[in-house]
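Straight from TrEMBL, the features:
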DOMAIN    36-174  domain 'Radical SAM core'
DOMAIN    197-335  domain 'Arsenosugar biosynthesis radical SAM protein ArsS-like C-terminal'
Amino acid sequence: MTQSASTSQLSFSEITPFQKKLSHPLTKQKITVLQINLGKRCNLACNHCHVEAGPKRTEELSSEICEQLIELIHGFPQIETVDLTGGAPEMNYGFKPLVEAARKAGKEVIVRSNLTIFFETGYKDLPEYLAQYQLRVIASLPCYLENNVDRQRGAGVYQASIKAIQKLNQLGYGKKPDLILDLVYNPQLPKNDNFFLTSNQVSLERDYKQYLEENFGVVFNRLFAITNLPIGRVKNHLNNNHLYVLYLKFLESHHNSSTVSHLMCRNQLSIDYLGNVYDCDFNQMENLPATLPNGEALTIVKLLEAGNLDLIQEIKTAAYCYGCTAGSGSSCAGALI
Ligand code: SF4
Ligand code: SF4
């Protein structure tokens, strides 16, 4: 689906505030997902990274916050899924302790892996570890074609990713029911105002599966097609090309109200490496913390003190939320409808 946005000068004030677009305030449902961003260290520095992660970043979880998170995981049976992200979550402090605590407590554990980490010194045993603890692996592979992947993520990333998928397949990932491997597609960054919405997830998954199996003999479970939200390096790129407001307007013009009830922020808490709580990882990166009804910023300590995960009434929103509601919608688990 393509549509050229108007090339006339637009200002940010012409973007309808997201909250105004909704018929009622965006509220939380019962929290069932704890998404933890362990830190900003990563072996890659992709041009679409909303975290602006990279090898030189040093921010990561401390042992104190890690212990609080484990207390949270043990204390709340309503948490069904612990979703570990970063940076490369595997490179940041707390990865293995959190995996082991969450699996012991019977939670589903997701690792958002860039796959190339398997070939870095010190991480060679990672595939076997993931299989041993039956982590669900959600891995970014922004295209099934080599050039497009290497342009977004760096030279050699595509071949390393394929090698990593072959290794995971050998261990049973994508084949055994308890070893799930999902891939993530995201569009190339726009060079002009001929913006694209993410392609249909079902047909894209079919194309990925056919190409990857025919060319490399690899298999995976599901493909998640996500939209580039205009934050982090995507925002920098759009600003550098004078496309930021045009892209927001494009997303707003494709706002689909039927996605709203499925937004991922409705049933998750997103935690940063300092123990602060947000409605999602995007709000985390944009420093838009979740608050209590009295306006106080929420932290893990406050959740533990209250003995209650369901303290947030209204979800904090911003203009980039249109990236989650445009077209078929978008989330960390792909299209919403
Ligand atoms: S997109 Fe993922 S792999 Fe790429 S730099 Fe960001 S955290 Fe690392
Ligand atoms: S960015 Fe998306 S997930 Fe986050 S608060 Fe906005 S709509 Fe919800």
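Positions of Cβ are set from backbone N, Cα and C atoms, glycine also.
Small disclaimer: the values here were computed from a predicted structure and weren't measured.
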**For the domain 'Arsenosugar biosynthesis radical SAM protein ArsS-like C-terminal' (197-335), the mean pLDDT of the predicted model** = 97
**Asked** For the domain 'Radical SAM core' (36-174), what does DSSP give as the number of helix, strand and coil residues?
**Response** 60 helix, 22 strand, 57 coil
**Request:** Count up the helix, strand and coil residues in the domain 'Arsenosugar biosynthesis radical SAM protein ArsS-like C-terminal' (197-335) according to DSSP, in that order.
**Result:** 63 helix, 16 strand, 60 coil
